[in-house]
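Features reported for this protein in TrEMBL:
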COILED    6-33  coiled coil
DOMAIN    185-550  domain 'UvrD-like helicase ATP-binding'
BINDING   GLY206, VAL207, ALA208, GLY209, SER210, GLY211, LYS212, THR213  ATP binding site
Amino acid sequence: MESSMQTAYEEEMRRLEQTFAEIDRQLAVLQQIPPYTGTDHTEQVLESVRESRRRSLAAAQSEPYFGRLDFQEKGQTSPAPLYIGKVGVEKDASQELMVIDWRAPVASLFYSFTGGSDPVQYDSPDGLVEGLVYLKRNLVIRKQILQRVVDTFDRSGDSMAVTDEFLLYRLGENKDNKLRDIVSTIQSEQDAIIRAVKNSALIIQGVAGSGKTTVALHRLAYLLYHYRDQVRAERMIIFAPNRMFLDYISSVLPELGVGHIQQTTFADWALDLLDHEPELADQAERLRYWFQTGAHRPVIDDTAPGRWKGSTRFLHWLDEVLGQYERMAVPDSDFTPWDGADTLRAQMIRQWYDVENKHEPLMKRRERVIARIKRWMDMQSDKVWAAQLKKECKKKGAARLRQYTKLWKEYSPLGFYRELFQAGSLPSFLSQELRSRLPEDLLSATAAYLKKKRVLQEDLAPLLYIRAKFYGIHGELTFDHTVIDEAQDFSPFQIALLNMHTRSQSFTILGDLSQGIHEYQGIRAWNEFTDLFGADKTAYFQLNRSYRSTMEIIYFANEVLRNAPEQPATLAVPVFRSGAPVRIAQTDHSDLVSSLHLAINRLLAGSIETVAILARTGERCKQLHTQLQARGLRANLIGADHERYEGGITVVPAFMAKGLEFDAVIVVDADSEHYPASTRDAKLLYVACTRALHDLQLWYSGEASPLIADIAGDFVSRHSST
Ligand SMILES: Nc1ncnc2c1ncn2[C@@H]1O[C@H](COP(=O)(O)OP(=O)(O)OP(=O)(O)O)[C@@H](O)[C@H]1O
């Protein structure tokens with residue numbers, strides 16, 4: 001160790017000991033107070049504050065901070081060291097901040113500072129604070145042991161740039177089966193997103209591995225800290241593509257000290273709201289259909305059911321239908337409860353519906369008007385004095401009301417939706433002209449599913465839209481903030497629907513158009529979403545640096561995209577982390593499994609811990625998995641319904657691997673049949689390649705995929721056998 005670093009290490013050891021002593025002291029004080037279990041509200045609140053303090057101090061006890069920034073505020077005579085950790089620690093006696101919470105305004109300097117001798121500033125509650133940075137230091141403390149001290153900027157040194165040394169050290173580590181927090185190495189472009197203001201729809205286009213998912217989770221922790229009076233964790237929601245992905249990201253928020261945020265898939269959330277009246281059609285079947293290769297491959301254009309039903313055109317169509325329903329729902333007939341009673345004119349009922357309950361949702365209006373008719377009927381029966389006659393009138397009245405309400409049918413969202421597609425006579429609120437605007441095959445295919453109470457993914461947003469129009473959206477179903485991950489696979493209709501559930505358009509929407517492999521339901525350009533919010537209510541960010549993979553892997557994956565007929569808008573820029581060249585190998589069909597077995601063992605014998613075999617289809621994965629198991633290799637097979645990602649060796653279809661990462665990836669069947677030269681296939685292969693952190697191999701037999709056939713450079717090595 002150089003002597004200056006030795007001195008730095010010793011200095012940090014002393015500081016660390018003082019911090020531990022203070023944390024221990026504060027914890028001891030808190031632990032001496034017996035937990036309050038009584039019913040007094042004030043005491044309960046105080047106890048919950050103490051409990052959360054106990055928990056955060058306990059977490060800080062083993063790793064109190066990870067960074068130090070020496071900052072001299074304008075007007076001060078010398079720089080002061082600021083220690084930054086996951087939770088703030090104040091010295092009780094002096095209120096001096098021993099550790100600053102990473103989300104505090106001053107901590108933003110630690111992340112946004114990119115070097116140079118010029119003054120820097122941060123936004124504090126009292127206005128802009130200016131000053132000079134003297135030192136940026138990263139500290140690795142594990143289980144109370146100071147393991148590393150790395151200076152990434154030193155004003156007294158030779159270079160004025162912040163170095164990537166510490167970041168590279170972190171990126172070089174292997175990954176287990178969970179995504180982790182990145183508080184110690186958040187980059188300035190990521191920090192800008194994390195700290196962006198709450199009330200705007202943030203749309204983030206980020207290349208594979210740019211940290212989108214991670215950044216979104218850190219942003220939630222930031223919003224909870226910064227807007228603590230306006231947002232609650234229970235009122236925030238994250239939509240992720242599948243349950244396995246939710247499991248994969250489930251550690252980050254607890255690591256950041258955040259709990260209770262709803263994390264779900266759109267389908268699970270929607271089906272809950274629809275009381276599980278419909279059932280989702282078989283997902284595996286659907287994926288098989290859209291991801292097949294060869295002559296039967298479906299064409300994807302704007303008439304694909306997912307794109308059609310996910311469009312704002314369909315939303316407007318539904319609006320027209322619901323408008324018709326609103327106009328025609330009230331029966332155009334007077335109501336006389338029994339012979340000899342007054343008659344309630346249709347016009348009056350209409351007035352109750354159109355004027356007095358105008359602001360209620362449709363089914364609520366129906367309920368209110370019918371309740372009003374009942375009250376009117378009670379007033380009528382009050383005029384009848386003879387008890388027996390009164391009883392008869394009431395009975396008659398109830399029967400006639402039943403007749404009347406039959407004319408005013410009560411619908412569930414599914415029941416209503418079904419009528420829109422049903423063959424035969426049209427419901428009164430659906431004109432022939434309106435119906436004829438739906439494509440014929442869409443009508444028949446949807447009707448066939450609905451007959452069995454089954455729906456497709458793209459039916460869920462329309463159903464929820466009908467639900468909202470029927471019953472409204474109550475407080476508990478509105479969100480303070482909504483995060484949508486892999487948003488390129490969402491439709492404009494879904495986003496419009498979620499906007500109805502989200503206060504102040506407070507969204508973090510993230511995705512990558514180059515990974516848009518579910519184009520049959522997703523978007524092609526981000527303006528399909530920005531148009532919904534309006535340009536002034538949207539903030540657009542781009543993340544182009546990729547942190548997951550080595551330079552070699554990123555260069556290679558970029559070439560795959562370049563070989564597609566449609567050129568990508570942006571390409572990933574790697575951080576300077578070099579590894580082995582991407583290995584393209586020809587393999588013989590007959591010894592594929594033994595080659596895989598060998599290659600996996602070779603990888604595991606080195607520094608690799610997680611390996612994925614990525615194939616084109618679920619069936620192929622099943623086959624390979626069985627054969628590998630037969631050779632005694634323990635591997636996890638991941639299918640459409642998989643709920644957990646266990647790490648180790650994984651066999652998974654490329655489309656299911658989206659969002660995940662592995663130390664090493666072997667893409668099998670990278671031939672011209674499985675990955676022809678189409679943009680769809682290029683995106684799929686890009687997703688597959690960018691799952692790898694350190695090692696990527698593509699194996700093919702026969703003819704190599706045209707997407708990889710002529711990629712050349714020192715980032716790739718070609719082999720005639722595996
Ligand atoms: N600032 C950072 N410091 C350290 N690691 C980082 C940083 N940013 C991202 N990473 C790492 O890069 C990897 C990719 O992150 P993440 O999965 O959030 O990216 P993504 O953009 O959502 O990727 P994809 O679109 O491919 O699913 C993760 O291992 C994450 O920990």
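Every residue gets a Cβ built from N, Cα and C, even glycine.
Proximity of distant same-chain residues to the coiled coil (6-33), defined by a Cβ-Cβ separation under 8 Å and at least 6 residues beyond the stretch ends, is recorded for 50, 53-54, 57-58, 60-61, 64-65, 68, 81, 83, 89, 91-92, 98-99, 137, 139, 141, 144, 146, 149, 151.
Ranked by how many other Cβ atoms sit within 10 Å of their Cβ, the binding-site residues GLY206, GLY209, LYS212, THR213 place THR213 at the bottom. For the recorded ATP site, residues GLY206, VAL207, ALA208, GLY209, SER210, GLY211, LYS212, THR213 set the reference point as the centre of their Cβ atoms, and the other residues of that chain within 8 Å of it by Cβ are ASP512, LEU543, SER546, TYR547, ARG548.
With a CB cut-off of under 6 A applied against ligand 1, the binding-site residues VAL207, GLY209, THR213 are reduced to GLY209, THR213.
On the 0 to 100 pLDDT scale, the domain 'UvrD-like helicase ATP-binding' (185-550) averages 92 in the predicted structure. When Cβ atoms from all protein chains are considered, those within 10 Å of ALA208 (ATP binding site) total 24, not counting its own. All protein chains considered, the CB of GLY211 (ATP binding site) has 26 other CB atoms within 10 Å. Taking a C-beta cut-off of under 8 angstroms and a sequence separation of 6 or more, VAL207 (ATP binding site) has the following same-chain neighbours: ASP512, SER514, LEU543, ASN544, ARG545, SER546, THR570, LEU571, ALA572, VAL573.
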